[in-house]
Amino acid sequence: MLREHLLNLKIHFIYIVVVKFEFNFLPEKESIVFQSVAVMMLQRRLDNAAPTVYEKRNARRQTTEQQQMDFSVHDPIDAMEIFDLIRDIKDPEHPFTLEELNVVSLENIEVEDKGVGRVVVHFTPTIPHCSMAVIIGLCIRTKLSHSLPRRFKIDVQLTPGSHDMDAQLSKQLADKERVAAALERPEIFQSVISCIYN
Amino acid sequence: MFFEIISNKPTMSGELQKVCTLNGHKNIVWCVAWHPNGKILASSSADCTVRIWAQEGNDWVCKTVLEGFHRRTVRSVAFSPCGRYLASAGFDLTTNIYKWQDDLSKFESVFIQYATFALSFEFELMANVEGHENEVKCCAWSSCGRFLATCGRDKTVWIWELDEEDEFQCLEVMMSHKQDVKSVQWHPSEEILASTSYDNSIQLYSFDGEEWNVQQSLEEHTSTVWSLSFNGLGNYFCTCSDDRTVKIWKRTSEEKTAKWQCVCNLNGYHDRPIFDIDWCSKLDLIATACGDNNIRLFQSKSEHDEDNFQLIQKIDNAHNADVNGIAWNPVKTGLLASCSDDRTVSLWQCVL
C-alpha cells in the first residue's frame, strides 16, 4: 500500500515536471496555479489506467563466437540492434517496457549505417493525449545517444497521427537546443535516467 | 599588390582551408565570436565556461577561461563594438557582462604591433542582467555599443541600455513572438534589431527615439529560424532555418522604415537543420553551419545579378558532429571560425 502510494507520488512529480517543460510556463510567481495543478495531479488517476500489454518479441539470434571474431565481415548496425537498445526502457507510468506497451516496434525504426549514419525512431504513445510523450521521446533519444557511436544522427519522432499534438511534440524533440536545456534540469534528467536504467 | 590596394574588394579564388583546431572545451561548443580587432576569439560551451583564444606567433592558444559565472550552458557570447566588454548569455536565465581589465591605451598600442603576449587577459564581472523567465538563447550589441539585446525561451526580446556608470537599464521588453526566440542580430549601422524564432517568423524592430516598435514580421520559413546575419552595407540579410533552407532578404528602399522582402531561396543544399549563418562583409560570402557536419559557402553570381546566390564550396565533414556556430573575422579577410558538438573550435582561411 505504502509502496503504491510512493509510486504514485513519483508519477505525479514527473507529471508536474512535464507540464512545466511542455507548456513553458508556471514560474514561481504563478505558484498558486502551480499548487492547484499539483493538487489536481495528486488526485487524478493515471493517464491510461489499463494499458494493453503486448507480447514480447523473441530475442535476437546470437552469432557464434567464431562469427564474432571474424573482423573481415562488415557488420553494420541494423534496426534489430536499435530495437534491442530501446525495447527495455521502462514506461514512466507503468511497470512495463516500451516494447510491451507497443510504444516502440521494429517496423518503426529506420537505420542507415553508411558514412555518418542515421537512425530514425518513430514511437507511438499508448493514448492520443499521453502527457508522458516528451519524456518517452527523451528517454529513447538519450539511450541511443549513450549507446551508439557519436557519428550517428538520431531523430526521435512521434508516429504521425498517434497523438493530439504529434507535430508540436516532434518539433520539440527535434530541437536539440531545447532537448539539451531539458536534460540539464536535474528532475527531468533523473526521471529519464531512471526509465532507461531501471 | 598595388592593384589589391586600389580594388579594395577582394574576391575569393581558392578554397577554404583549415588553419587549426582548438581543443579545450569539455562539452559541446555552441557559439564563437570575434573581438572587433580580429585577433581574439571567444567561444562558449555547455561546460558552463567561456574561453578566450588569441594568436601567438603561428599558434592559437587559450588565454583565459571564464568559469564559475554561469551555472548552466553558455549559449551565446558577444564582444561589444569598442572591444572592452564581453557579454555571455546562458541557460541559467542570466546574461553576464565582463569588462576587460587591461587599460585601453596599452591595449591599442599593443595591437598595432600585432602581438598579444603583453596583454593581461583578465575579465571582471561587471554586471549581471536578469529578467528572463527561462533560458537566454542569444545576446547581441548594437553597432554603436549603446544597446544590448537578449532573447530567450520565454518568447521575449529585451533591450538594455548601457549608461555612463557602466550600469544596464532595461528599455523595452518585446513580446511579439509566439514561441521561443532563438537569436537577435543588430543592423550594422542603424538602430534596427532583428529576431528569429521557433514560431518560424523573423521580426524587425526599429527605434523612433523613444520606443522600440515591431516594424515587420516575416513569415516565409516553414520551421524554426535559427539565425540571421546582415551584410556589410545593411541592405540585405540572410536567415537559416530548421526547414533546411537559407533565404536572402532585401530592403526595398533606403528609408529606415522600408520593408524587407525575400529575393532568394536556397533550397536543396542542406540535409539537416542549419544552426548558424554569417555574411562576410569583406568578401560578400555567406557561410552556413549545418547539422550534417558540413560548412557551405554561398556567393552571388555576379555584380549584375546580386539577388541570385549559388553554392560555391562545401567542406565535407568540417567537424565530426553538428556545426553549431560560425563567424567571419571582422579584420582579417577570409578567416572563419566554427564550433561544433565535437567540442572543438576550428579556424579556416579562404585562399584569396
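Including glycine, each Cβ sits where the backbone N, Cα and C put it.
TrEMBL: automatically predicted annotations, no manual curation.
Sequence-distant contacts of the repeat 'WD' (B:22-53) (same chain, at least 6 residues past either end, Cβ-Cβ under 8 Å): 60-67, 69-79, 81-83, 86, 88, 90, 111, 114, 116, 121, 123, 321, 324-332, 335, 337-347. Summarising the annotation, TrEMBL assigns repeat 'WD' to B:22-53 (among others).
Feature annotation from TrEMBL assigns repeat 'WD' to B:129-170 (among others). Assigned with DSSP, the residues of the repeat 'WD' (B:129-170) fall into helix, strand and coil as follows: 0 helix, 23 strand, 19 coil.
Among residues of the same chain six or more beyond the repeat 'WD' (B:174-208), those with a C-beta under 8 A of the stretch's C-beta atoms are 76, 137-144, 147, 149-153, 155-159, 214-219, 221-234, 237, 239, 241, 243, 249, 256-257, 260, 281. What TrEMBL records for B:174-208 (among others) is repeat 'WD'.
The feature repeat 'WD' is assigned by TrEMBL to B:218-259 (among others). Mean predicted confidence for the repeat 'WD' (B:218-259): the pLDDT average there is 93.
Positions annotated as repeat 'WD' by TrEMBL: B:316-349 (among others). As a summary of secondary structure, the repeat 'WD' (B:316-349) carries 0 helix, 17 strand, 17 coil according to DSSP.
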Quick check on the repeat 'WD' (B:174-208): DSSP residue counts for helix, strand, coil, in that order please. 0 helix, 19 strand, 16 coil
Intrachain neighbours beyond the repeat 'WD' (B:316-349), with Cβ under 8 angstroms and 6 or more residues off its ends: 10, 12, 16-23, 25-34, 36-39, 41, 43, 45, 53, 60, 272, 275-283, 285, 287-291, 293-295
